[in-house]
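A.B. asks: Quick one: the structure is below, and I'll ask about it shortly.
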Amino acid sequence: MTKEYKVDRQVFDDVMVPCYAPMQMIPVKGEGARVWDQEGREYVDFAGGIAVSCLGHCHPVMVDAIKAQAEKIWHLSNVMTNEPALRLATLLTEHSFADKVFFANSGAEANEAALKLARRYAADKFSPDKSEIISFKQGFHGRTFFTVTVGGQEAYSDGFGPKPGAVTHLAYNDLTGLAEHMSERTCAVMMEPLQGEGGIVSPTPKFIQGVRELCDKHNALLIFDEVQTGNGRTGDFYAYQGLGVIPDILSTAKSLGGGFPIGAMLTTTELAVHLKVGTHGSTYGGNPLACAVAEAVVSEVTKPEVLAGVKQREQWFREALEAINAKYPVFAEVRGKGLLLGAALNDEWQGRARDILVAAGEEGLMVLIAGANVVRFTPSLVIGKADIDEGMARLERAIAKIYS
Ligand SMILES: *Cc1c(COP(=O)(O)O)cnc(C)c1O
């Protein structure tokens, strides 16, 4: 039996590694787009666990899938394969460019696999000197040492000793800069097809097309990090499908499991053969429980009405944010796509995104930020109109309170 005692926020400071600064309240229950804390206070959830809870909290298809699988088998390791993994991989190949899938447990691990595959492919097919990874400033690719080094924020990668080498950071949306820099030494370009953590920055059509052309010209692989944009978030199942540019490798996580940890790297048969037996692996990757949940999530999210619903909800979000801004002008623009939206603060409000997040929390609304100047919204893809209206009413009250 677990001991019955109440844990509070102080316990975090007592026994947890202090790499996070969590809010004071502790959520204990969620249903759809609502969450309740220990005191029974209710919140509207516009954060979705950072673009993870794509079907809201405790959606029946996820609860049914995990219960059913929990009574069959939980874990095998990759010494054997398993039915949920095979079904999920098949689904992912049906709904994307990919022929082959590697399962991991997180976005960083999916990216780690993508980068290792790119390096291995270039070394096998061309030369070990073809090792340069190009990525973009403000980009985010996870916290393992390789992925955080490829990410474009030195604040995250500095201070841990020597970094993995041959990584170059260029400016996002600067095609000329990329064209001038790229060479036969370039192994791969890794990018988010819409920068999330970096402030909700979309690629220009010219840039995204140009990156693909430059990769082809220099025999470099194009890796799309769709950890945040994937699984319906932008209104397409994967964001690349709305951009008319197909990557060679795609990483996916966050919404893939709808709240259960899972990540995956998707690629073609031609590339996949370079990760032959023993070259890469994961104990938990492809775990039956994780794959059973993700299978239920993907089956739901790929329904045309769910994807169309994301575009409808984007409209509702944009209209409501504009209405708030008409009364209390704090935003310069609302950017992003689908339900990966960022309200960028205007000149007078620079640096105050966190103030809005805190005020929203006090009004019973969970939002996110992306840097100091962007309030970010990544709610459930199936959030109801009534929940959006209620959340926006709370956001308006929060902004009214600090507006002066
Ligand atoms: C969140 C995120 C990651 C890291 O995912 P983890 O599951 O935290 O390892 C990588 N890339 C992008 C674009 C992300 O948004």
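Glycine is no exception: its Cβ is also placed from the backbone N, Cα and C atoms.
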A.B. asks: Among PHE126, PHE140, PHE260, which is the one TrEMBL gives for the pyridoxal 5'-phosphate site where GLY107, ALA108, ASP225, GLU226, VAL227, GLN228, THR283 also bind?
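C.D. replies: For pyridoxal 5'-phosphate, TrEMBL names GLY107, ALA108, ASP225, GLU226, VAL227, GLN228, THR283; of PHE126, PHE140, PHE260, the listed one is PHE140.
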A.B. asks: Work out how many Å separate ALA108 (pyridoxal 5'-phosphate binding site) and LYS254 (N6-(pyridoxal phosphate)lysine) at their Cα atoms, rounded off.
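C.D. replies: Given the Cα positions, ALA108 (pyridoxal 5'-phosphate binding site) is 10 Å from LYS254 (N6-(pyridoxal phosphate)lysine).
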A.B. asks: Using CB under 6 Å from any atom of ligand 1, narrow the binding-site residues GLY107, ALA108, GLU226, SER282, THR283 to the ones that qualify.
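C.D. replies: Only GLY107, ALA108 qualify.
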A.B. asks: From the recorded positions ARG143, LYS254, SER282, pick the residue whose C-alpha lies nearest to the C-alpha of VAL227 (pyridoxal 5'-phosphate binding site).
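C.D. replies: The answer is LYS254.
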A.B. asks: Count, for each of the binding-site residues ALA108, VAL227, the other C-beta atoms lying within 10 angstroms of its own C-beta, and report the residue with the smallest count.
C.D. replies: ALA108
A.B. asks: So, in DSSP terms, is ASP225 (pyridoxal 5'-phosphate binding site) helix, strand, or coil?
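C.D. replies: SS state of ASP225 (pyridoxal 5'-phosphate binding site) = strand.
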A.B. asks: Quick one: largest C-alpha distance among GLY107, ALA108, PHE140, ASP225, GLU226, VAL227, GLN228, THR283, binding pyridoxal 5'-phosphate per the record, in angstrom?
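C.D. replies: Looking at GLY107, ALA108, PHE140, ASP225, GLU226, VAL227, GLN228, THR283 as a set, their Cα atoms extend up to 25 Å apart.
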